[in-house]
Amino acid sequence: MLRPVRSAHLKHILRVLFLSLLLPLCAGAQSPAADSLRHLLRAAPQPNTLRVQRLLALGQELKNSDAPQATQVNQEALLLARQLAYAPGEGQALLALSNLHRRQNDFETAHRDAEQAQRLYVRLAEAHGQGRAWLQLCTIYMIQENPAAALAAALKGLPLAERAGDQETTERLRYIMGSVYHTMGNYTEALPLLRAALKTGQQSGDDQLVLSTLGDIGNSYKKLKRWPQALLYYQRALRLSQQTGDQQGEAGFETNLAELYGLQGDQAEALTHGIRARQLLRSNQDGYILPLVKLALARAYLLSNQTDSVLALAHHALQLSEKTRTNGNIRTATDLLAQAYAQQQNFEQAYHFRNLQMAYDDTLSGEDTQRRTSTLRYGYELDRKQNQIALLNKTRQLQAQTAQRQRQQLYALLAGLAGAVLLAGLLLRNIWLKQRINRHLSETNHQIAAHRDDLDQALSELRATQAQLVQHEKLASLGQLTAGVAHEIQNPLNFITNFSDLGIELTTELQEELAREPLSAAGRATVEELLHDLAQNQHSIHQHGRRADRIVKSMLEHSRASSGQPQLTDLNALADECLRLAYYSWQATNKDFKATLNTQFASPLPSLRVVPQDLTRVLVNLLTNAFYAVSEKRRQLGAGYEPQVSVRTEHTEKEVQIRVRDNGNGIPAEVRQRIFEPFFTTKPTGEGTGLGLSLSYDIITKGHRGTLDLETKEGEFTEFIICLPIAPTPFRSTSPAPMEMRETPV
């Protein structure tokens, strides 16, 4: 008899979680939101619906930290809502007050407020509010251990919540129905419903629903005497209540653990958890859980036959429970008192309290309650079936009316369709005739447009060819003039160079003769200084003459028309040959130069019709520039730098690319736009003419109808990209190049 009564007590402890089912719990000190709401209320004291909403929000923030003040704030909101005839605010205030009175064990006031809210929402025909009101009433009945009334309220509120689409209220009402099975001892049906509620709460993030279901699942396993599973679920619930700051729930689950350890005869653990629960209640001032904690401690003391402590705690718990009419607590308290008096051999009092305990057992779990519960369940299912039947009948009537209207519309449609068919036949014949005429006109227009496009294209090509011929003649004449001028300049340059060489030799001989003549020291020094300056001047004349000679030769080369003929060429083999030729030529003038040569040739690469001599000049020029760039960087960085020059070929559907890349210093951004201009060079004075890239650009763009592009990053690399079209294109002489050279001011 002892253990069933003790296990029934845990069901009352779990009912505490219904204190937080309607609204989320926020334990701890008043939040900054409460201070902000107070400031808004002080700043705007006007009596309006906005003030009602702010008062309700402030009551929500204060309901855990300061319940009396929260009650006062919600009462003010209720009075103002009634003055303004603001029904939604009045309903919310009534539900909030019901929740607060219930948590303060004033169940009569809580029940009255919830019923007023329910009647108000009925007048408003507001299903969402009615569902929440029934949930509040259902919670109160569950706390008072009245499962029949709780189930009746749940069955009334569930269809309303479903109709309003209130998923939260729906799930909590279903949870309460599962909890009723649990309370009635039908654990076979309770456990699946509770596990489903636990899964729903975890998916929706509803911590309070999760806490409630964890407690009821643990209580079910305890009832089945599966102690390890019960302990696991109680500990999970305790950890979650600690994580969420729910001191009320934490005290309830500490009481659960005290009860569980007491049932297993572990007095030390039972007292530890019971005392911890009592400490939490002292800080939380919760009047509902206090009798539960006293009963758990009384049960722990009963294990060691401390009957005086048991009697004091149980009598106090009985007094508190009778005030709140909590039948479950009264039943447990009378059971403990009966056992304690029996241990003291006071059998008269033991018999008295045992009779009271049995009477409450009959009230809570007797056959009448079972029958009422089954009747309510049957009535609910019957109402659902009747509603479904009525809905089906209504649907059939609507379908019959719809079918009748559709038949009438069909007859009218067929009559109109018959006339429309005749009209459509006439229209289709006219349309067909018009379409045939339009097709003929369209074909004629297309032919005219095609002839016009052909004539426009021919005219454009003719004009382009005419412009090219005129430009070609201009450039050819200018090239011949340039060649003549360069040739005429060549002879004076030769004289300048020769006479500078002769002057150097004469200066050397004069120095040797003066060395043999007797002169004063001062005179000899003056003469030698003058001769030294004269020799330096001759060297400068010689160097600048050579530079002018190279420029003239480049001009002649630039103006010379290509004599090569286009032919099919293996570009991979040509690129590889030019790489080796340029490298060996550079090594011939720079004995210590070494570099890493990389080749990456696409295979197969289509052969193109190009002028091999011209393309060789371009590649050798680009590779020579690359070797010069890496040599300069090697001279700057020393042995830690490894020169690298690479040649890579690739192709697409329209073109073939040849890429020449070096890891030199790159080309500064400010000179990139001028790199292909004639006479422009980045080399020091005397080391370049500035015509190599200009000539290469003309060969590729004008001679082969391709492109020559540059990619570079200063300090890292330079890459020249030659793109040659795969489609056959007419070749042009590179002789107009001097025009490009002459157009740039020198």
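Residue positions begin at 1 at the first shown residue.
Placement of Cβ uses the backbone N, Cα and C atoms for every residue, glycine included.
Note that the coordinates shown come from a computational prediction; the quantities given were computed from them, not determined experimentally.
TrEMBL has this to say about the protein:
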SIGNAL    1-29  signal peptide
REPEAT    171-204  repeat 'TPR'
REPEAT    211-244  repeat 'TPR'
TRANSMEM  410-432  transmembrane segment
DOMAIN    484-728  domain 'Histidine kinase'
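As a whole-number mean, the pLDDT of the domain 'Histidine kinase' (484-728) in this prediction is 82.
Residues of the repeat 'TPR' (171-204) grouped by DSSP class, helix first, strand second and coil last, total 31 helix, 0 strand, 3 coil.
Helix, strand and coil counts from DSSP across the repeat 'TPR' (211-244) read 30 helix, 0 strand, 4 coil.
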